[in-house]
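Quick notes on the structure that follows.
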Amino acid sequence: MQQTPAKLVLENGSVYTGYAFGHIGETGGEVVFNTALTGYQEIVTDPSYAGQMVVMTYPLIGNYGVNQSDAESQKIWASALIVREMSNIHSNFAATGSLDQYLKEAKVMGLAGIDTRKLVREIRQKGAMRGVISAIDPDEKRLEEKALKIPEMTGLDLVKKVSTSQTYTIDCDDAEYHVVAYDYGIKQNILRMLQNAKCKVTVLNANTPIEEALKLDPDGIFLSNGPGDPFAVTYAIDNIKKLAEHNTQQKPVPLFGICLGHQLMSLAFGAKTYKLKFGHHGSNHPVKNLKSSSIEITSQNHGFAVAMESLPESLEMTHLNLYDQTVEGVRHKKLPCFSVQYHPEAAPGPHDSHYLFEQFTAMMDQAKENV
């Protein structure tokens, strides 16, 4: 197979030369790495990766192809996929095509044949950086200048880019609960997990006023994952503040947040967030449940975190990351509100934290009993 030469140039001038697959062109974004061994299709279709180019640390990617059921959204959101070796052969009974063709049809670039271990070490040491991949412009200095012009992730609201434009409902035949989900970049497996928990789910645009959500008479409200800087999503923070005020004055509506939703809920109650050096991206992060002292292996995908020292008196930390001692979960001491930084629905990843969806339904049951 003929290979098209391509380069990745980082904002600090580092150059990685390989070959392009998927779409042949030029693209840019923040370069981050993911330590999952499998799940590349779920990763590139996760809206949380909007504006980012993902480096897979596992050396061989594409060997089991792609299929529609593994997609976490309707399109590829990652700006590019960077791998050590791209498999030209896929073997999987469920595969409907190759990763190369999948990226090509979506006009998304891939870069292979580079030293991904060296690249990941550089990101770990220096932090996530902006970069440009090009198969059409060989001028490294010009590509470096293009990388420097890419907006930094700090201060960037990408939720507006990925959120649904229309309200839609996912029915459940044996539904016992009605959940309103704010779509900041929601993954399909989250919706499946809510369905499995016997929830009918109404999905709203991220900018929908909380008053409109409450008119739907939900049993609970869910705050989804999503991309970008949580501090920039001011309309979502204001919505959660209004919901908290509603919950103190009227019948409380339970609230559950995941990833960006966790950060937004924490900000609404007075905590602060900050950008991690290179983020948490992978399916093997150990998290300690501070109540049970059990250890959960979790799937994570976030570049920002809640500052532990900023947690207000009203919030209690419930989960702790054992890699870097960062906040992985909080709950409100008086209101029926809780959130986690990681992805209990996984996809890809372990299932250690599925119990959190049961915790959400138990909270909704209790709210019904207290009416």
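Going from the start of the chain as shown, residues are counted 1 onward.
Any Cβ shown, glycine's included, is placed from N, Cα and C.
Look at Swiss-Prot and you will find 1-174 tagged as region 'CPSase'.
Per Swiss-Prot, the feature L-glutamine binding site maps to S48, G226, G228, L260, Q263, N301, G303, F304; the stated evidence is sequence analysis. The Cβ neighbour count for L260 (L-glutamine binding site), using a 10 Å radius over every protein chain in view, is 33.
Taken from Swiss-Prot, the feature domain 'Glutamine amidotransferase type-1' applies to 178-370.
Swiss-Prot lists C259 with the feature active site, nucleophile. Annotation note: C259 (active site, nucleophile) sits in a coil segment as assigned by DSSP. Around the Cβ of C259 (active site, nucleophile), the same chain contributes S48, S224, N225, G226, N301, H302, V340, Q341, Y342, H343, each under 8 angstroms and 6 or more positions distant in sequence.
In this structure, H343 (active site) is part of a beta strand by DSSP. Under the heading active site, Swiss-Prot lists H343 (among others), citing sequence analysis as support.
For E345 (among others), the entry in Swiss-Prot reads active site. Around the Cβ of E345 (active site), the number of neighbouring Cβ atoms within 10 Å comes to 24.
Calculated from their C-alpha atoms, the gap between E345 (active site) and G228 (L-glutamine binding site) amounts to 20 Å.
Listed in sequence order, the residues G185, N225, P227, D229, P230, C259, H302 complete the 8 Å Cβ shell around the L-glutamine site centroid, once S48, G226, G228, L260, Q263, N301, G303, F304 themselves are left out.
Over the domain 'Glutamine amidotransferase type-1' (178-370), the average per-residue pLDDT in this prediction is 96. The secondary structure of S48 (L-glutamine binding site), as reduced to three states from DSSP, is helical.
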